[in-house]
Amino acid sequence: DLAGLLPKYVDIKRGALFAACVSWACLPWNFYNSSSTFLTVMSSFGVVMTPIISVMICDNFLIRKRQYSITNAFILKGEYYFTKGVNWRAIVAWVCGMTPGLPGIAWEVNNDYFHNTGIVNFFYGDSFFSFLISFFMYWGLCIFFPFKITVKHDDKDYYGAFTDEEARKKGMVPYSEISEEEIRAYTLGEGYTTGHEYRPEGSDDEIPELVKTSSENTNEFEIVHHKNNEKQSSTASEKAA
């Protein structure tokens, strides 16, 4: 998780070493003598995970209808940047689905501390209840506070994420039918750049879609500029040095 949040400072190796050092604080050798509490907590882990799964299912099937733009996943402040990099709707839905089950975990760990029939019954059916709470909470938040979905999926399968048949069903040009030149240009290969970067709505800045900067070969292709929501096409050619 730290490698994903702070990739500049933490890689997989550093993260593994950090986890190995911190794990000593849990006194794992005590589990051999009294593991019942540990096993109880781990068996109740669904209280935390079920709302996450619920939000993912809702987002995939109801909100995005299984349509994702892979290109936008590689764009800073792109389709999946949400609000300053945080999808607060998902966090709110997760907290709402998880919180009611926490007293049940406390009761399961130490049932001498307090006893409430409603809490216990809710805890026993938490996988069902928390799923529905998070599911409809996220759905409602996305309806009242919709995030902008500008691209349902890429026009072409630049990353080879689908088979040819799957790509055609989605209305995409299959990976096998895209020229290597265009793939390298679009996916930021060596000697190439792209203008697929974020611009606020109404910005006067131009966004060129494909720009070749390499001078190794002679090639000519179209550069499409987006300006004030209008497309202006121009033809560019470069000759080998």
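We number each residue from 1, going along the chain as drawn.
Cβ from N, Cα, C; glycine included.
Annotated features in TrEMBL:
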COMPBIAS  231-241  compositional bias 'Polar residues'
REGION    217-241  region 'Disordered'
TRANSMEM  38-58  transmembrane segment
TRANSMEM  86-107  transmembrane segment
TRANSMEM  127-147  transmembrane segment
Positions on the same chain near the transmembrane segment (127-147), where near means CB under 8 A and six or more residues out: 46-47, 50-55, 57-59, 62-63, 82, 87, 89-90, 92-94, 96-98, 100-101
Spatial neighbours of the transmembrane segment (86-107) far in sequence, C-beta under 8 Å, 6+ residues away: 41, 44, 47-48, 50-52, 54-55, 59, 113-116, 119-120, 122-124, 126, 129-131, 133-135, 137-138, 141-142, 145, 147
